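**Student:** Quick paste from Swiss-Prot:
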type	residues	note
BINDING	71-99	FAD binding site
BINDING	D672, N674, N676, Q678, E683	Ca(2+) binding site
DOMAIN	623-658	domain 'EF-hand 1'
DOMAIN	659-694	domain 'EF-hand 2'
MOD_RES	Y601	phosphotyrosine
TRANSIT	1-42	transit peptide
Amino acid sequence: MAFQKAVKGTILVGGGALATVLGLSQFAHYRRKQMNLAYVKAADYISEPVNREPPSREAQLLTLQNTSEFDILVIGGGATGSGCALDAVTRGLKTALVERDDFSSGTSSRSTKLIHGGVRYLQKAIMKLDIEQYRMVKEALHERANLLEIAPHLSAPLPIVLPVYKWWQLPYYWVGIKLYDLVAGSNCLKSSYVLSKSRALEHFPMLQKDKLVGAIVYYDGQHNDARMNLAIALTAARYGAATANYMEVVSLLKKTDPQTGKVRVSGARCKDVLTGQEFDVRAKCVINATGPFTDSVRKMDDKDAAAICQPSAGVHIVMPGYYSPESMGLLDPATSDGRVIFFLPWQKMTIAGTTDTPTDVTPHPIPSEEDINFILNEVRNYLSCDVEVRRGDVLAAWSGIRPLVTDPKSADTQSISRNHVVDISESGLITIAGGKWTTYRSMAEDTINAAIKTHNLKAGPSRTVGLFLQGGKDWSPTLYIRLVQDYGLESEVAQHLAATYGDKAFEVAKMASVTGKRWPIVGVRLVSEFPYIEAEVKYGIKEYACTAVDMISRRTRLAFLNVQAAEEALPRIVELMGRELNWDDHKKQEQLETAKKFLYYEMGYKSRSEQLTDRSEISLLPSDIDRYKKRFHKFDADKKGFITIVDVQRVLESINVQMDENTLHEILNEVDLNKNGQVELNEFLQLMSAIQKGRVSGSRLAILMKTAEENLDRRVPIPVDRSCGGL
């Protein structure tokens, strides 16, 4: 009883405090709203993009080389860096951007895919009366509304259910979520509401039923993060920014200011990672927007600069779509160690995450088995015991590095800033660090404001509120129907193209190959179970894709959805890219191997493989072992103790099934632990044991052998009189 009173008191005090804050901030909020309206009007009157399509990478490199001096040079092609380039170029500043890898190759493509204000930050704002947290939530909610508006094809509101298992939590969480709606104000997506236990189970039938009291549903935004980042960069390029991926900054250029006598940063020495060519790019102002690599650029400027980035790894996993409703997510507000776990539908799959672990900065973060199992255990806690959560159902996993920062100007150097930090060095290098995906635009605005002030640049106000990103302006929810009717694409593919490219989907459809079937007329898929088509590979090159990794992870999202499917699609993707980019056989093989290494280490294939290669005792019942041995010996007719491609082909031919030899080789290679071109009986039994345990969700070889066995067993012996053996 005392505890319940304490909870009520906390709600009343916290709510009252926030109401006071809200009251005091109304005038400021009104002023900001008027300013934002002015910005939207400015965006309406902004000149059309100078380029109908983004210039080619080669054209961008020539611009970088031949421009005597830019106003702004941005280092980093993530969400914040691309946002800075777009903000600067739409103010009329001569802008350049360089990225040493691909756009969104780092943290910006490895997020939870949410556009949110941060419910947990609001909770802290109330409980600790923290005005900074409150302002951060309010800013994020405004930016959430803007992002959903300017890229409607890549983003949408998503209802998220918060299950409640204790009666006293229901009013506590309800007050918190209603305050979230209140802080959003006119930017509230949809009003939150309470569900009874029965209604909660109707919406989310896989929820843990025992002790469930009810649930609260609130709304946040969801997006395709890598494609959103790319849309920002492409929009900046269309407005005239010279943007180039695979351009590494090897050093900063400096010169002495004749008026002040101070040494100032005046550009960067850049290296084309693809060719090795180096040249200088000069600029009045250089912006460091490199996320987790913030300190490495700061130390180029000043080798004694104190580190401000405190990197933290966040791991996510992808599971089959049946683990969650198609259009509703779940929030676990208090995990076993106090963290928050999201469980969300995305691209017809289910994302679960995230973790929060201190880590070292690396361009190639690897998801750990420990973090994967932590997420799986938390998922088990919230799902019904009828749903068997298996390790083998993890189809992909990734780790993203959060660039948490300390403010170098703060007296307390140990405190981590929950908001972004704009730092200006003695030599004029501007660093933007911290923050989160949702607030990339306001971070960019603050950064360019600082650049204009520090370097006396002539520019107008920010014009990016209400400015449509590439593909968003003429998109509509029914656009995909025109793709079906005008081009003969199947509906699933058309919906995917519309949701990925927006009004640019027609250009992809024009490139689609004829299928040779009655229906669909065009649109050859890269893999049968996903709606990605070959035309996207060709179009992806127009979007600055330079490698096979770019294509499987950021132009399409195959690597983030299913690593096995991505590996299956790789040979065809490399073949198509090779034709467009004139790759020789050596280059194609190099691209194939690099992409497989990426899938193996960075996208969770390594952890998946280790579940299969675990040499622990085979745990199968004797009856199962006998059954699987019989299946194996139908292929191993010579009793060699192993099977090869020849054995599989022989059985398939006997049941009139044709299969490409390269595909067969890939299927056997998945199970061939010794990599000797043979699948031994012990390897096959390990595979079946791993499938039964749930370590591995399935295997193409296991499915193939089972299907072949069933076909062989269904054969009816031909009677003697039907075989001309009788009179």
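Each Cβ is built from the backbone N, Cα and C atoms, and glycine gets one as well.
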**Student:** Using other CB atoms within 10 angstroms as the count, which residue among the binding-site residues D71, E99 scores least?
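**Tutor:** If we count Cβ atoms within 10 Å for the binding-site residues D71, E99, the smallest count is at D71.
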**Student:** Give the distance between the Cα atoms of G83 (FAD binding site) and Q678 (Ca(2+) binding site), rounded to the nearest whole Å.
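**Tutor:** Cα of G83 (FAD binding site) to Cα of Q678 (Ca(2+) binding site) measures 52 Å after rounding.
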**Student:** To which of the binding-site residues T95, Q678 does the lowest count of other Cβ atoms within 10 Å belong?
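**Tutor:** Looking at the binding-site residues T95, Q678, the Cβ with the fewest others within 10 Å is that of Q678.
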**Student:** Determine the most Cβ-crowded residue among the binding-site residues I75, A79, using a 10 Å radius around each Cβ and all protein chains in the structure.
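**Tutor:** Within the set of binding-site residues, the most crowded position is A79.
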**Student:** Determine the most Cβ-crowded residue among the binding-site residues D87, E683, using a 10 Å radius around each Cβ and all protein chains in the structure.
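**Tutor:** Counting every other Cβ within 10 Å of each candidate, the maximum falls on D87.
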**Student:** Calculate the distance in Å between the alpha carbons (Cα) of the residue listed as 'phosphotyrosine' and E99 (FAD binding site), and round it to a whole number.
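**Tutor:** The separation of the Cα atoms works out to 22 Å.
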**Student:** Return only the integer: C-alpha distance in Å from R91 (FAD binding site) to E683 (Ca(2+) binding site).
**Tutor:** 63
**Student:** At the level of the C-alpha atoms, what whole-angstrom distance separates T95 (FAD binding site) and Q678 (Ca(2+) binding site)?
**Tutor:** 57
**Student:** How many Å lie between the Cα of I75 (FAD binding site) and the Cα of E683 (Ca(2+) binding site)?
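**Tutor:** Computed Cα spacing between I75 (FAD binding site) and E683 (Ca(2+) binding site) is 49 Å.
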**Student:** Summarise the model's confidence over the domain 'EF-hand 1' (623-658) as a mean pLDDT value.
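**Tutor:** Summarising the domain 'EF-hand 1' (623-658) by its mean pLDDT gives 80.
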**Student:** Using a 10 Å radius around each Cβ and counting other Cβ atoms from all shown chains, which of the recorded positions G83, Y601 yields the largest count?
**Tutor:** G83
**Student:** About how far apart, in whole Å, are the alpha carbons (Cα) of Q678 (Ca(2+) binding site) and A79 (FAD binding site)?
**Tutor:** 46
**Student:** By a simple count, how many Cβ atoms lie within 10 Å of the Cβ of R91 (FAD binding site), its own Cβ left out?
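**Tutor:** Excluding its own Cβ, R91 (FAD binding site) sees 24 Cβ atoms within 10 Å.
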**Student:** Determine, from DSSP, whether Q678 (Ca(2+) binding site) sits in helix, strand or coil.
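**Tutor:** The residue in question, Q678 (Ca(2+) binding site), is coil (DSSP, three-state).
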